[in-house]
Amino acid sequence: MAQQEFMLDPPPASAPKHEVLDAGAMVLRGHAAPQAQGMLAGIKQIARLSPFRRMTVAGGGSMSVAMTCCGAAGWCSDALGHRYETRDPMTGQPWPVLPPAWREWAIAAARLAGHDGFVPDTCLINGYRPGARMGLHQDDDEQADAPVVSISFGLPAIFQWGGLQRADPVRRIALLHGDVVVWGGPSRHVFHGIAPLRAGQHPVTGPCRYNLTFRRVW
């Protein structure tokens, strides 16, 4: 990989707007927009080594979202269930390295949202096309005491933010290019998802939305 493609500008000292969702959960509006060019170039490099794929789920169907990963382990799903693997099942090789600049940026974003001490070791990269969605779920395969840092690039999406029970009321929050959602602490296991992506054309990503989600597995 050409290392210069992963160079990022330092995050701003403060986000244009902080929007509190719940205790321990915050949206940093537009916070990652200055990093779009560098991160999107990095996604292309990572996808050359570990291509995007639509994973299957335990019930036998395929997810509508295309995924790849980088870091010490990658999230995988198949007929046996979901888990983290240190090697990409598609290539048999270790997942691409989590770019150090990405890691440092995620650490700074978590700190800005009030979560000190976060050091991610994996990044799940989701690629959305029109109609793709992510059903309500909890992030429960990773360290519960570490927050989640989730970045949106490209087409706008509706982020569904529920509660600690699947049946709890769900809020619908618009996420735009460069928005960052951070959640941890009492909100770490809130049910969340993405409504079906509406068709459109974004000047940076075209007909797509990309989501980078940083977590700590070990």
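The backbone N, Cα and C atoms fix where each Cβ goes, and this holds for glycine too.
Copied over from TrEMBL, here are the features:
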type	residues	note
DOMAIN	119-218	domain 'Fe2OG dioxygenase'
BINDING	His137, Asp139, His192	Fe cation binding site
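Compute the center of the Cβ atoms of His137, Asp139, His192, which mark the site for Fe cation; besides them, the chain residues with Cβ within 8 Å of that center are Met134, Leu136, Gln138, Asp140, Val190, Phe191, Gly193.
Annotation note: His192 (Fe cation binding site) sits in a strand segment as assigned by DSSP. His192 (Fe cation binding site) has a Cβ environment of 26 other Cβ atoms inside 10 Å. Model confidence over the domain 'Fe2OG dioxygenase' (119-218) is summarised by a mean pLDDT of 98. Look at Asp139 (Fe cation binding site): DSSP puts it in coil.
Per DSSP, the secondary structure of the domain 'Fe2OG dioxygenase' (119-218) breaks down as 3 helix, 44 strand, 53 coil. Taking Cβ-Cβ distances under 8 Å and a sequence separation of 6 or more, the neighbours of Asp139 (Fe cation binding site) in its chain are Val148, Arg188, His189, Arg215. Every protein chain considered, the tally of other Cβ atoms within 10 Å of the Cβ of His137 (Fe cation binding site) stands at 12.
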